[in-house]
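A.B. asks: Would you mind keeping the following structure in view while I ask a few things?
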Amino acid sequence: MESEKTSVKDMNTKATENKGFLSLSLFLLLQGQFISIMGDMVYEIALGFWVLAFTGSPALMGTLMATSLLPGVLLAPFAGVVVDRSSRKKLMILTDMIRGITIILVAVTAIMGLLQLWMVFLAGVILGIGGAFFGPAAMSVLPQMVPQNKLTNTNSLFGIANTGADILGNSLGGILYVLIGAPLMFLINGISFIISGISISLAKIPKNKTSEITSQNFISDLTKSLGFIWKLKGLFYIMILFSIFSFLVHIAVVLLIPLFQFTPGLGAAKYGIAVACFTAGMFLGMIVLSAMAIHPSKRAALMLVSLCISNLCLVLFALTTDFYLMSFLLLIAGISESVVNVFILSSIQSVVPDDMMGKIMGLVGTVTMALIPLAMITGGILAEFFPIRTIFLVCFLASFVVFVNLFFIPSVRKFINFDPSTQSIADLT
């Protein structure tokens with residue numbers, strides 16, 4: 001118990017030494033992610049509408065999206081071990097370059113008129129594998145680059161950049177699909193990955209301890225990480241309930257493109273605008289969070305209020321057919337979601353030791369994303385038999401019930417409200 005307290009204290013001391021908050025390296029990492037995410041948004045819109053036009057099947061579109069997520073779910077525990085035992089910087093550069101080259105090849109094939117559905121599925125698998133390693137690595141380097149007391153602000157800053165990229169990508173994506181078509185949009189995403197890799201290569205990211213990866217230390221690391229999560233009941237319950245929540249929400253999310261494609265008066269351009277409104281809301285929320293000093297003891301209460309507002313807006317979204325009201329509701333939902341995302345991530349980064357960050361992030365990703373591929377397939381199949389808006393309504397109401405129950409668990413509130421300046425990990429067990 002005493003060693004755990006010392007560990008947290010050592011992390012805090014290490015984090016505050018020789019680390020600038022808004023350094024050039026942090027900016028380069030931020031810039032790379034901004035460009036890459038914007039390219040991803042453009043690509044996802046192009047891919048969704050291309051598959052829907054090519055097959056006319058929401059079920060097949062959902063299956064394709066699930067395929068790209070499945071590698072991330074299956075590989076996340078292994079990826080977390082690799083992240084903690086390898087150079088995180090080199091890993092991020094390598095995965096960016098591989099994904100960039102893959103999508104550029106897809107784009108060239110599409111431009112030549114030779115693109116087949118199986119090629120898109122294969123590219124989705126490669127993108128999923130790359131993302132499985134890049135995600136935990138990117139989340140693990142932030143605590144190495146900024147002081148502990150600046151983690152919430154830094155996560156908000158990265159959230160601002162990410163949602164800003166979402167806004168631009170979604171706003172432009174629908175319009176670009178109409179103007180230039182899917183092949184050139186694929187090319188934009190491929191180039192964005194290459195630019196991201198170059199930006200990260202120029203950033204000075206503190207080296208983490210590296211060691212040989214064997215089957216023995218893999219099992220040992222995985223067992224240790226599982227034990228750490230099991231001991232922190234608050235984190236364990238958050239992971240389980242977030243997994244259920246993600247399943248319900250992604251049944252609806254995968255049907256947004258068919259909803260706009262098959263509803264008279266909507267279409268690709270308005271889809272981009274509506275989704276951009278959601279990310280614009282997240283952008284605004286994170287700007288506010290990055291400038292505020294919110295005491296950890298208030299996080300859980302603010303999260304509960306935010307989740308109630310977000311789910312209420314999504315339920316109303318399912319009931320209306322007015323495009324402007326739909327966009328406004330998504331804007332408010334986005335503001336509320338930003339609070340949840342930033343607080344959860346900051347709580348995890350405040351509690352988890354640096355040498356376990358990649359493994360824990362990998363396991364968190366595995367559990368919370370485990371049901372998303374199934375949700376996407378389920379959503380596509382349900383859309384063949386039921387009205388899309390009915391599916392939306394049921395899913396958002398159910399997700400509201402799941403999340404409200406989360407805050408009735410004392411260990412969850414303690415975890416979210418954890419203050420590393422006055423508490424140790426022992427206080428959470």
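Including glycine, each Cβ sits where the backbone N, Cα and C put it.
Predicted automatically and left uncurated, TrEMBL annotations should be read as such.
From TrEMBL, here are the annotated features:
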DOMAIN    25-413  domain 'Major facilitator superfamily (MFS) profile'
TRANSMEM  21-39  transmembrane segment
TRANSMEM  59-83  transmembrane segment
TRANSMEM  103-134  transmembrane segment
TRANSMEM  175-203  transmembrane segment
TRANSMEM  234-259  transmembrane segment
TRANSMEM  271-294  transmembrane segment
TRANSMEM  301-319  transmembrane segment
TRANSMEM  325-348  transmembrane segment
TRANSMEM  360-382  transmembrane segment
TRANSMEM  388-408  transmembrane segment
A.B. asks: If you count every Cβ pair below 8 Å, which range out of 103-134, 175-203, 234-259, 301-319, 325-348 shares the most with the transmembrane segment (360-382)?
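C.D. replies: Checked against 103-134, 175-203, 234-259, 301-319, 325-348; highest Cβ contact count belongs to 234-259.
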A.B. asks: Taking pairs 6 or more apart in sequence, does the count of Cβ pairs under 8 Å between the transmembrane segment (301-319) and the transmembrane segment (388-408) hit 3 or more?
C.D. replies: yes
A.B. asks: Thinking of Cβ pairs under 8 Å, which stretch from 103-134, 175-203, 234-259, 271-294, 388-408 has the most of them with the transmembrane segment (21-39)?
C.D. replies: 175-203
A.B. asks: Determine which residues of the chain contact the transmembrane segment (388-408) at the Cβ level, with the cut-off under 8 Å and only residues 6 or more beyond its ends counted.
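C.D. replies: Distal contacts: 237-238, 241, 244-245, 248-249, 251-252, 255, 258-259, 262, 300, 303-304, 307-308, 311-312, 314-315, 317-319, 379, 382.
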